[in-house]
């Protein structure tokens, strides 16, 4: 019958079989699962669209017309290649993240086949996918003093299967009233720069001012298409350049006097900003130090334009070694924050130096649900924060106007998050800093909060000795999490000890993208598989594999104080109530290991509340149908250290005095497990050290007709004031940042 078909049903559980991603490992797929539920390659591309992807698993009848439809409304063309494989072209989207698509094989009458496409921020796609503006600075400064001559564009010739190509200019605009329902974003085809050019992979030209009013467009992008396409044809196979300032096509008025033109634009921008709401009051303050900024991974992430791990190439921030951006856009205006730091780890403020950080009216990464200004990924930001920087700071010398509207935030109201960790054969360090060992076998609530319905659950499995037999201790093998009604993320060791990440029960592939914009969270994976989940509340969850067990760290912002329970305790700065049961009774912090075992068992997950995926016989039998806490498993509580044991000598070398490390070597007979436990323990200590609160007294200005010496504003810093020649100083000539958060002395004047 049709009801047992996956046609129009991908992702569903049917009465007799399944069309859900877990059906393959459970061997319960409907017979036509592979026909209707599409696997594609590549699975991601820029939100600008125009990328060709192949449908890997389904063979279509070539006589019918193939149509691809995204989000149930945007249709693009499909085609069948010579090898019989079907292909679709991705559309221009104003959002990032997973987008559903369907395929029709009857020219658009029905769309029974379905899959998902990953739309990616334009700066996060690989360079091979874009055409390259050779010497991009020259393009963006063309027509300013000492910048003229030819411009060159290069691209991967094989990316377009055509002998001749067209090169088009597109411009971006946002129309309607700011922060209202009629505020809309649109990419517009403007004109064709080159027609029927040979597809050699390179094109050079001498730019001339664009005709008519096209030269009013100062922010845009280039698109290369096969010359068989009509001008501006939407959602067709194409290669886009990076988005850039269109200095090279601006009108004669710009070329005759770029400084005057840019100054007028800068002043016009300044007048517009005056009328817009002030977003500065609601953006998060910056971390005070580079150590805090790099440790607060739930709320801040590396800014790709200035990354200490990639050699600190900080073009827009001279003097900085690292910048971070606030991950979440601000609640009302969707604004962004950026924070930059120098080699000493001190925050650089734009009030003191051009290398300083500036906040953004439009968040560079956009913000969910995207689609409308100011939440369009990358492009809203360009319109309010980048092209205006060209007007005021790069094409003219009026940077004081820009800095007045985009002053750096200092860190006076920044409060670091609290961290809790679990590692080894599970050792726990709570948010309030208590540490204990609980080696139950089962699935447990590590932390839950009524503030945002946050839940982080962990699964422990029995550890093995190096010879393969089972040890009487357990280790963390899977972690699952959700906040409010966000997507569910699970990180686990698969049977062959590879780290797997599941998104709503489906394995995620990081081969093309390391950053995913998901529902209620962002997900990032480093090359060596450190997984970070960043929830919209600012909660960060970090997971990495080490020595066959997972290491878990949860970072909670300060507003979770008094709102947590579970194995990670009650976060309130007091360790006395860490061992709180579900029914709110507590046991003493000096409880013995057997009593702690009862505390742990109390936090076993109930089946209906489990976030885990049970997609193998083993998981079903051991964790789904079995009890959530295996009461018949009794671990080793006190491992015996036998001086005659040959392992003890090596253990002392590996562990030194670390008690967790010694414990794990003795119970697993593995120095490697001990070593990774010690590393995890050290990492946690380093993290807590990095997240210590720092007192800031805030920025100090220099007096009129004078200058200041000193650009550090944290506890103990001194700032000196000197008057210009012919002026005399009244007030304090030195002010020191005190423990109260106030500066000593009086405001000086000259």
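The chain as shown is numbered from 1 upward.
Cβ from N, Cα, C; glycine included.
Marked as disulfide bond by TrEMBL: 723-750. In this view, residue 723 (disulfide bond) is surrounded by 19 other Cβ atoms within 10 Å of its Cβ, with every protein chain counted.
Look at TrEMBL and you will find 2-41 tagged as domain 'SMB'. DSSP assignment over the domain 'SMB' (2-41) gives 11 helix, 6 strand, 23 coil.
Feature annotation from TrEMBL assigns domain 'AMOP' to 258-406.
According to TrEMBL, the domain 'VWFD' annotation covers 418-611.
Note on the domain 'Sushi' (695-750): its mean pLDDT in the predicted model is 93. The annotation domain 'Sushi' is assigned in TrEMBL to 695-750.
The C-beta environment of residue 750 (disulfide bond), restricted to residues of the same chain at least 6 apart in sequence and closer than 8 Å, consists of 703, 704, 705, 706, 723, 724, 727, 728, 729, 730. Within the same chain, residues 53-58, 88, 103, 111-115, 117, 505-507, 613, 615-617 sit at least 6 positions outside the domain 'SMB' (2-41) and bring their C-beta atoms closer than 8 Å to a C-beta of that stretch.
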